[in-house]
Amino acid sequence: MATKAAFARMNGLGNQIIVADMRGRADSITSAAAIRLASDSETAFDQIMAIHDPRTPGTDYYIAIINCDGTQAQACGNGTRCVVQALAAETGRHAFTFETRAGILTATEHDDGLISVDMGTPRFDWQDIPLAQAVADTRKIELQVGPADAPVLHSPSIASMGNPHAVFWVDKDVWSYELDKFGPLLENHPIFPERANISIAHVTSSDTIDLRTWERGAGLTRACGSAACAAAVSAARTGRTGRKVTVNVPGGPLLIEWRDDDHVMMTGPAEWEFSGTFDPATGEWSRDTQGLQGSGNADRGAA
C-alpha cells in the first residue's frame, strides 16, 4: 500500500477544506497528521474531508470529517460541496450519495458550477441536539452573554443539522459583536455536552440573513454550511423569515431552502486551489499535480 495519499486544498466560500483521497486504503488520517497540516500556513484548514470506500450499500463513498484540532466532525456542508467538485472533475459524474457520521446525504453539481447538498432534516428535540438538560422549546432557550440585566446576547435558537448549533438573534450588524471572545466560551458551555457551533444572526429582510459563526473545533470561519442551514430553519421556525432564504456569511452567499418534505437544501460554490500528496500518519506533504483536481481558480499558491 502506498504511503502517500492524494489531496486537494479547496474552499467553500472561504471555508478552508482539504479533500483527501483515502479510497482503497485500510488506514485513516491521524489526529497528529491533521494538526500538523492545520499548523502549516499553506495547508491550514477548517475541515478535512477524507473520501473512503463505501460502507453502506447504495452509497458512493464514506466521508470522514476532521476538524483542525484533530477531532471528528459529523457534518460539513461547505466541505461536501468541495468533495462533489473534486469527484465530478475526476469521474464526469454530477450526482453523488455520501455517508457521514451524521447520516446519508445526496449532492448535485449544476451546469452553472454551483453545488446543492441535501443536508437532511433538522432536529429540534433537546435530546437530539443534544443538550445537557430538558428544554421544552428550543426555539428560544435561557442562555446569555453579559450582565443579567443587560445581556449582550441572549435566548438563542437551538437546532441540530447532524451537529449542534446555537443561533443568537441580533438587531444590528453581526460584525459589531466580539465573537472571537465569547465564541469559545459558548462552544464549551455545560449546556452543550458535545460542544456546539455558535452563530450570530441578523435578519435583514424576509428572505435574507447575515451570519457569523464560531465553528466547533475550528474557531472563527468565513463560512459554515450547517450553521447557515441551522440559522435558516430557526428563522423560519420563529417566524422571522420564510423557508427559502439567502444566508450571507463572510465568504459570500448561500441559498438555503427548507423544503416541504422537511429536508434542507444548501446551494453554493466550491473552489479548487492546489493539489498534493501527504502521509496520513504524520501529515508530511508536498505539492503534486497528480493529486485530486477541481475546477475554479488557478493554483494561487504558485504565484
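Here the Cβ of each residue, glycine as well, is placed from N, Cα and C on the backbone.
Under the heading substrate binding site, Swiss-Prot lists ASN15, GLN47, ASN67, GLY77, ASN78, ASN163, ASN197, GLU215, ARG216, GLY225, SER226. Positions annotated as active site, proton donor by Swiss-Prot: CYS76. Among the features that Swiss-Prot reports, active site, proton acceptor is placed at CYS224. Here Swiss-Prot flags 278-303 as region 'Disordered'.
Whole-number maximum of the Cα to Cα distances across the substrate-binding residues ASN15, GLN47, ASN67, GLY77, ASN78, ASN163, ASN197, GLU215, ARG216, GLY225, SER226: 17 angstrom. Among the binding-site residues ASN15, ASN67, ASN78, ASN197, SER226, the residue whose Cβ has the fewest other Cβ atoms within 10 Å is ASN67. Long-range C-beta contacts of ARG216 (substrate binding site), restricted to its own chain and to partners at least six residues apart, with a cutoff below 8 Å, comprise ASN67, ALA73, ASN163, PRO164, GLU187, ARG195, ALA196, ASN197. A gap of 6 Å separates the Cα atoms of the residue listed as 'active site, proton donor' and SER226 (substrate binding site). Just so you know, of the active-site residues CYS76, CYS224, the Cβ with the fewest other Cβ atoms around it within 10 Å is the one at CYS76.
Put simply, the residue listed as 'active site, proton acceptor' is 7 Å from ASN78 (substrate binding site) when counted between their Cα atoms. Taking only the Cα positions, the spacing between ASN15 (substrate binding site) and the residue listed as 'active site, proton acceptor' is 7 angstrom. Secondary structure at ASN78 (substrate binding site), as computed by DSSP, is helix.
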